[in-house]
Amino acid sequence: IESLKMEPLADVAMLPGEERVIDKDIIYICPFNAAVKGKVFITNYRLYFKNTDSTPVTLDVPLGVISRVEKMGGASSRGENSYGLEITCKDMRNLRFALKQEGHSRRDIFEILFKYAFPLSHGMQLFAFLSQEKYEENGWNVYEAMEEYRRQGLPSSEWRVTFINKNYELCDTYPTILVVPYKATEEDLRRVATFRSRCRIPVLSWFHKENHAVIMRCSQPLVGMSGKRNKDDERYLDLIREANGTTKLTIYDARPNVNAVANKATGGGYEGDDAYQNAELVFLDIHNIHVMRESLKKLKDIVYPNVEESHWLSSLESTHWLEHIKLVLSGAIQVADKVSSGSSVVVHCSDGWDRTAQLTSLAMLMLDSYYRTLRGFQVLLEKEWISFGHKFASRIGHGDKNHADQDRSPIFLQFIDCVWQMTKQFPTAFEFNERLLVVILDHLYSCRFGTFLYNCESARESNNVRVKTVSLWSFVNSDTSLYINPFYTSESSRVLYPVASMRHLELWVTYYIRWNPRIQHQQQSPVEQRYKELLAMRDQYLKKLEELQLSDSTHLTNSSTPNAATPNQHITHLQTPF
């Protein structure tokens with residue numbers, strides 16, 4: 001019956017597969033414009049609010065962004081707009097709506113919102129499985145593991161591809177295709193797996209074509225309180241070292257030393273000097289997922305809804321967010337520098353799917369310019385984050401009502417922030433722009449695409465994600481012009497070393513404070529806008545020039561003048577970029 005009363009939703013283009021569930025007259029308590037009367041429309045994908053009074057306000061919020069829905073006030077609450085709903089979001093904003101107090105007027109909308117924002121908690125499907133969107137390109141084909149290893153120059157005489165994990169039998173959170181030392185047998189790999197947390201053995205992430213140094217990733221060794229040793233694991237790390245004649249293998253343990261020691265109590269630990277004599281262990285002091293979650297919570301408190309001007313710098317410092325960014329970046333710089341100088345490295349944290357992914361992918365971004373292109377960056381995310389089992393479902397909590405779950409943490413957001421810091425320091429080194437990073441983060445939560453769903457490859461496979469959902473890259477690659485950085489200059493062999501000191505890091509205002517109307521108007525820099533216009537003008541002139549030369553050369557051929565200049569000769573001196 002409800003659907004009969006719905007008026008057409010003129011302002012928003014519904015997605016194929018999106019269906020309306022309820023409309024309701026409501027008051028949006030806007031933190032920037034006071035209370036705004038309007039109508040809220042809830043579909044199986046989004047919450048959309050449109051004003052009915054004179055203040056032009058619209059909200060378009062994918063339901064996946066919602067982390068918590070609460071009732072505000074009760075039937076007898078006094079004061080204007082004190083009865084309604086309070087919605088906490090995962091993307092640095094909160095929403096408050098007020099309703100009339102009589103007759104349980106919020107019951108229906110509360111129940112519907114709760115059900116559709118947390119479909120998995122109600123036995124329903126995530127929107128990605130209901131979407132009927134179609135795109136020309138199939139984004140699921142962006143990353144093919146064998147193709148990517150071949151691009152790196154693998155397999156080689158030192159490294160081989162193994163299919164030991166083709167049915168996820170060796171390690172259920174690793175991908176099916178792995179690269180391991182040529183001299184390690186399948187039996188060796190099985191033995192090493194027994195000594196590594198969650199069987200995440202050291203496998204190759206990146207190979208340096210010139211000096212043959214490698215980045216390996218894994219989880220902590222299961223040393224425990226008694227200081228267990230495993231000859232197979234020790235020998236395996238030696239094979240990695242010997243592959244390119246590295247004198248001492250560097251093992252980067254992402255954790256603070258204290259935490260690594262504390263992990264022994266739960267059966268984990270780190271590689272001790274006595275057992276691993278040809279290795280050097282370096283602790284990178286990056287804190288765990290709980291510390292990062294608390295840090296982001298503090299950041300949200302100081303940026304939403306209002307930025308407190310008077311103690312801004314000390315407030316920002318007290319969140320420690322930029323300090324964590326600094327530690328992650330500086331760890332990645334150490335990894336990249338070591339590999340660049342010809343030594344192989346092993347990177348791990350506890351389980352090898354949070355801090356490890358941050359460090360390997362950032363180091364690879366510094367070392368390999370391919371990952372700084374639009375396609376290459378997609379490959380990097382698919383490879384180091386998605387295929388190697390960063391637990392997106394647990395860290396983000398897609399479709400799950402348990403907002404206080406201790407597994408939630410902004411690890412991937414922190415990585416994207418580090419990438420943004422690099423793009424600020426090297427404005428011409430990345431083919432993609434800031435908009436791409438924001439779109440990636442928006443769809444990390446939206447549940448519109450299958451790309452970031454589930455915790456690992458085996459779970460995605462058993463849920464048929466590649467067949468039943470659309471890839472985010474299908475959407476991005478359908479209009480790449482939106483994501484191209486006009487200042488990009490390709491340089492193949494350049495290694496980027498960002499400066500990871502506090503003085504050179506800044507808060508990513510256009511992401512964290514974008515809901516503030518004062519910030520919104522500064523989205524694209526005037527310099528970038530002007531540069532795009534100049535590039536468009538250049539293209540027009542070049543086109544005109546070619547047309548003139550063509551008509552010129554036809555004219556010349558007709559009059560058969562000897563040694564007429566070819567169009568190419570005419571054009572060369574104009575190819576210099578502005």
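All positions are counted from 1 along the displayed chain.
A Cβ is built for glycine as well, from the same backbone N, Cα and C atoms used for every other residue.
Annotation comment: TrEMBL describes Cys349 as active site, phosphocysteine intermediate. In sequence order, Ser219, Gln220, Asp253, Ala254, Arg255, Ile286, Arg355, Thr356 are the residues near Cys349 (active site, phosphocysteine intermediate), counting only same-chain partners six or more apart with C-beta under 8 A.
Under the heading substrate binding site, TrEMBL lists Asn288, Ile289, Cys349, Ser350, Asp351, Gly352, Trp353, Asp354, Arg355. Neighbours of Arg355 (substrate binding site), defined as other CB atoms within 10 A of its CB across all chains, total 29.
Annotated domain 'Myotubularin phosphatase' per TrEMBL: 139-512, in sequence order.
Summarising the annotation, TrEMBL assigns domain 'Tyrosine specific protein phosphatases' to 319-365.
Annotation source TrEMBL lists region 'Disordered' at 553-578.
Packing around Trp353 (substrate binding site) is summarised by its Cβ count: 25 other Cβ atoms lie within 10 angstroms of its Cβ, all protein chains included.
With DSSP states grouped into helix (H, G, I), strand (E, B) and coil, the domain 'Tyrosine specific protein phosphatases' (319-365) comes out at 32 helix, 4 strand, 11 coil. Residues Asn288, Ile289, Cys349, Ser350, Asp351, Gly352, Trp353, Asp354, Arg355, recorded as contacting substrate, have a largest CA-CA distance of 12 Å. A C-beta separation below 8 Å, combined with a sequence spacing of at least six in one chain, links Asn288 (substrate binding site) to Arg255, Asn259, Ser350.
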